[in-house]
Every structure is written in structure tokens, then in C-alpha cells.
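Undergrad: Below is the structure I would like to discuss, written out as C-alpha cells.
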Amino acid sequence: MEKVRNSKVAYWADKLAVESEDGLTTAQLMLFNHDLKPVEPERRQWGAWNFVGFWVADSFNINTWMISSSMIAAKPGLSWWQSWLCVWIGYSIAACFICLTGRIGAMYHISFPVVSRSSFGIWGALWPVFNRAAMACIWYGVQAWIGGTCVYLMIRSIWNNWRNDTGDGSGGIHNGIPNSGTNTVAFVSFLFFWLGSLPAIWFPVEKIRHLFTVKAYFVPTAGLAFFIWAIVRAKGIGPIVHQPGTAHGSELGWQMVRGIMSSIANFATLIVNDPDFSRFARKPSDALWSQLFTIPIGFAVTSFIGIIVSSSSTVIFGGDPIWNPLDLLEKFLEEGGSGQRFGVFMIAAAFTLAQLGTNIAANSVSAGTDMTALAPRWLNIRRGGYICALVGLVMCPWNLLSSSNSFTTYLSAYSVFLSSIAGVIICDYYWVRKGYLEIKNLYSGKKTGPYYYTFGFHMRGYTAYICGILINVVGFAGAIGKPVPIGAKHIYDLNFFAGFIVSSLVYWSLCRIFPIPATSETWLEVGDEIRNVSVAYHESDGEATGYDEEVMHGGSGKGRLQSHGEPIGEAVPSKNF
């Protein structure tokens, strides 16, 4: 053992270790580091207006722009006002879910990986965390590819020859990477966006709020300019505003349900990991009203602009509406003219910033935070973010988008898994524990800890999670083209609600039949007691000395954090009501 400790592997393992606290045990080194600990008061720098700016900035992206349009383009489809109504309802419901999970982070200042330990177990939480991290990496690559298209438009507006040579003599750049699924121009544009995103990953989460503030001013302004430009060019708001929907009767009802659920599914990942941001709130109310109202308003306004601009394209160019704003901008470029090129450059630059902000918020920070929980001794949010960016590059997102028409179907279906996770976590906090968490025990590897359960896994949580998935399995098969009963399809149309409700009810029932420790009979949130962190075992813990395999590591993990005051989460004595 001594030989192993003195080896080069051990030397570099310690050298690469991230900042942590002195005196942690072996298990705690896998549960705690600076980015996993509750946010101390000096880092709680997000006020209500920072959350407003965050969601205004996040709402202006390509996905949001097109979500309403897809409802109109469906066969049978909705009218513009029916589609817009679905957006309002869907994002209003999503905002409520966001506030439910966000309050946990805002009250106890802990991230999603730590929150999930109370409901899935100290080690059982690693599975939902891994799920979220994997999806964040995949989405990072997809969103970066879309951002590369924005960069392509910026370059082409300056240098018109920046386009793929189709071999018809019209010019362009020769494709030096044939049979790759993409071309030189598209790949280099994507690489420019990817490289340009790397500096933004460097900044700590409490500081990147400034990026969203800049985005909240610049991007909506450019979106409004695009809106006015399209209306002026079309000499009106386009024919689709006056065109009735093609869905009627029960089909109309189910199409509206699908539209509402697609809006919620667009938020499925953010619902579970909102604590990653809300933990930086100065006080819980800063993360409540700002999110509850900004999300439906911001996303509804963006969707409305997308509807009008897309419908106006039928007047400007004729034919079917152009639902993708980037395709519409390229049409403007092909018309020529310095004014057109300048306008496209500015709007494409705004969309580039929009994609950057969305990718950092929804994917990079989320993946980085999740990865800190998977290997906390060696990974922090910054390192995890760069790993996410690397995965987004090597996964070749252009192949995913070009090789499968069902790609978006599979990604949307992932909300089934995330809804089950959200159902267990929300039920655990609000109905089972009634807001009471023992924060210090969320970082404890002791077998006697209230969140250790069975070998570190909470079987009630996992049973509820699986039940929430099973209710949607048959309907998912139907969504990808398999013959299934109509009832299963309708259940899947309500996939997020079905998964959430089933997992919540199963979890609540199991916890009533088989009670769990560290709960309260009345509402009891003790997050106000959190100041600075000390999770190392002390003599007063009673089990600090001689605790089986958990040997104290005095200098492990670059222990430079200093802790002052009382241990957190212990203002109210631990008790099993």
C-alpha cells in the first residue's frame, strides 16, 4: 500500500486533484469538492434581475423560434393563434416546475447532483446525474452545430464565396472532406463557433450572469429588427396569420396537447437542473417570481416573432413558409446588396450569441456540474465543461442530424426519463420531507447516514423512477413507428405528466408504507442556517475515529478551503420524525 501511495500514478492523481476541504475521508473525497459544496454567502450573486436576464437571453434561440412553427406545419396543423396558445400554456407549466426544483437550490444553495442524493441515495444519485450529463454533452454538440451555421452566415455576409462549391460553376469553397457527412465550409464554421465558446466555459457560474445580461439586451433587439425587416419586406404579416388550422374535433384537442407537451419537453433538462443556477440566488424569492413570469412571457414573445417572420417569407419569396430563421437569412443573402449583407451579419451575430448563451447555460454548466459529482476529486465545473465541449466535438453532431430523421424524436423522448427524475425529487422534498434536509449528511459516506439507505442506493426512489418510465414505454414505441394501441399513444402524448405523476405517486406511497429517516411532520426549511461549509468528521460526530475503511486524508485534494463557524444544516438537531 505504501508503494502505491509513493508511485507516480498517486503523485499525478494528487497533483490533478481539485480544491477541496482538509480532513476528508476516502468516501467524502468522492462526494465533495468546492463546486459541489453549498454556495457560501459571498458567491450568492444572482439577484432577481439576473434571473430575468438569464431567461430572456435563453428564450431567443433557434429551437424556441421554430417550436410554434412546427405546430402550424404539422399535418393536420394548428392555426397561428392556437399554436401560440399552446406555447403560453406549455411554458407557464414549465415555469411552475422550474420554480419547484429551483427553490431547493435557492433555499439550501446546493446543485442538482447533491439534491438528488436525498431521493436516490448517496451513490444511487450517480445514475440520474450521469443521464443528465450525457444528454448535456449530446445537446452541446447539436447546439454548437447550429451555432456554426450562424457563424457561416456571418462570414458569408462579408465574403460571399464562403459557401460550398456545388460544382455548377457558381463558385464556392471546394469540399476537402467528402464522405464525412459534411463539407469544409460547414465544418470550419462549426469549428470557429466551438473554439469561440471555450473562453466562456472558463468563467465561474456566479460570473457568467454578465454574459446573459449582454445577451438579454442585444439578442432581443436583433430579433425585433428581424421582425420589422420581414414585415416591411412582405408589406404585411403574411398569409398564415389569416389561415385557419387544419385540425378539427378531437384531433384538434390532441394536437394542442402535443403542442403544450412539446413546449414542456423543451424544458425537461432545465427543470431537473435549475438548482445548478438557483443556488447562486441571494435569497429564495429572487429565483421565484423572476422565473415564474419571465419564462412564459419571454418564450411566448420569441415564438410569436418566429411565427410572423416565417409566415412573411411566403410573401417575400413565395412557396411554403421558411420555418428556420437561418434559412431565411441565407435567402436574403442570395438576393445581394450591401444593406442586406449588413442586416444578415448583425442578426446572425445575435443568433450566434444566442446559441453561445444557450449552450453554456443549458449544456456546459449542467454537464460540468454533473461531472463534478461523478469524479469530484479530479473534476470541477470548469474541467467538466471542457470535457463536455470535447465530447460535443468528437461525437460529430452533423452525422446525428443528417443520418436520422427521428433524431429529434429520440431527444424529445428523453423527457420521459427526466420527468421521472423530477417526479421523485420534487415529491421527496415537498411531500415526504416537507422541506427538511440535513445538508452535512448529503456529503457523508457513513452507512449510518440518513441518505445512505441500502448500500448507498434508495430503492424506493429507483422503483418510482422505473415506474414513471414504464408508463410511457409502449407509447414511445409508437412514436418511432411501431404499431401500438391508440390509448398508449395518448398516454405518450402526455409523457412528461404521465412520468411525473406516476413516479411521484409511487414514491410517496412507498415512503408512507416504508418510512424513511430525516423527515419532518411539518414544513421545515433550515436553509437559512447555511453559511460556510465544514463536512469533515470531527470528534463531536462520535464516529470520526476508527471509522472502518474511511481513513482521514489530511492533505487530500488540494485542501485549501477554510471553514468557519458551525457545521451547516445542523441548526436543527438531526431527528427522525
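In case you wondered, yes, glycine gets a Cβ from its N, Cα and C as well.
Heads up, TrEMBL stuff is auto-annotated, nobody curated it.
Fair warning: this is a prediction, and the values are worked out from it, not measured in the lab.
From TrEMBL, for reference:
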{"type": "TRANSMEM", "residues": "85-104", "note": "transmembrane segment"}
{"type": "TRANSMEM", "residues": "137-155", "note": "transmembrane segment"}
{"type": "TRANSMEM", "residues": "185-205", "note": "transmembrane segment"}
{"type": "TRANSMEM", "residues": "212-232", "note": "transmembrane segment"}
{"type": "TRANSMEM", "residues": "252-272", "note": "transmembrane segment"}
{"type": "TRANSMEM", "residues": "293-319", "note": "transmembrane segment"}
{"type": "TRANSMEM", "residues": "339-362", "note": "transmembrane segment"}
{"type": "TRANSMEM", "residues": "383-401", "note": "transmembrane segment"}
{"type": "TRANSMEM", "residues": "413-432", "note": "transmembrane segment"}
{"type": "TRANSMEM", "residues": "462-480", "note": "transmembrane segment"}
{"type": "TRANSMEM", "residues": "492-510", "note": "transmembrane segment"}
{"type": "REGION", "residues": "554-577", "note": "region 'Disordered'"}
Undergrad: Hey, which bits of the same chain come close to the transmembrane segment (413-432), Cβ under 8 Å, at least six residues off its ends?
TA: 97, 100-101, 104, 115-116, 118-120, 128, 131-132, 135, 264-265, 268-269, 271-272, 461, 464-469, 472, 476, 479, 495-504, 507-508, 511, 516, 519
Undergrad: Go through 212-232, 293-319, 339-362 and flag the stretch with the largest number of C-beta pairs under 8 Å relative to the transmembrane segment (185-205).
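TA: Ranking 212-232, 293-319, 339-362 by Cβ pairs under 8 Å to the transmembrane segment (185-205) puts 339-362 first.
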Undergrad: Sequence-remote contacts (6 or more beyond its ends) of the transmembrane segment (293-319), Cβ cut-off under 8 Å?
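TA: Residues 51-52, 55-56, 58-60, 64-69, 72, 80, 83-84, 87-88, 91-92, 94-95, 98, 223-224, 226-227, 230-231, 233-241, 263, 267, 325, 328, 331.
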Undergrad: Honestly, do the transmembrane segment (339-362) and the transmembrane segment (85-104) touch, with at least three Cβ pairs under 8 Å and pairs 6 or more apart in sequence?
TA: no
Undergrad: Cβ under 8 Å to the transmembrane segment (85-104), counting only same-chain residues 6 or more beyond its ends: which ones?
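TA: Same-chain contacts beyond the flanks: 67-68, 71, 78, 110, 112, 115, 256, 259-264, 266-267, 270-275, 277-278, 284, 287-288, 291-293, 295-296, 299-300, 303, 422, 425-426, 429-430.
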Undergrad: Is the transmembrane segment (137-155) in contact with the transmembrane segment (492-510), using three or more Cβ pairs under 8 angstroms as the rule and ignoring pairs under 6 apart in sequence?
TA: no
Undergrad: With Cβ distances under 8 Å as the criterion, find the stretch in 212-232, 252-272, 383-401, 462-480 that has the most pairs with the transmembrane segment (137-155).
TA: 383-401
Undergrad: Near the transmembrane segment (212-232), which residues from the same chain, at least 6 beyond its ends, have a CB less than 8 A from one of its CBs?
TA: 50, 52-54, 56-58, 60, 302, 305, 308-309, 312-313, 316, 325, 328, 343, 346-347, 349-351, 353-354, 356-357, 361
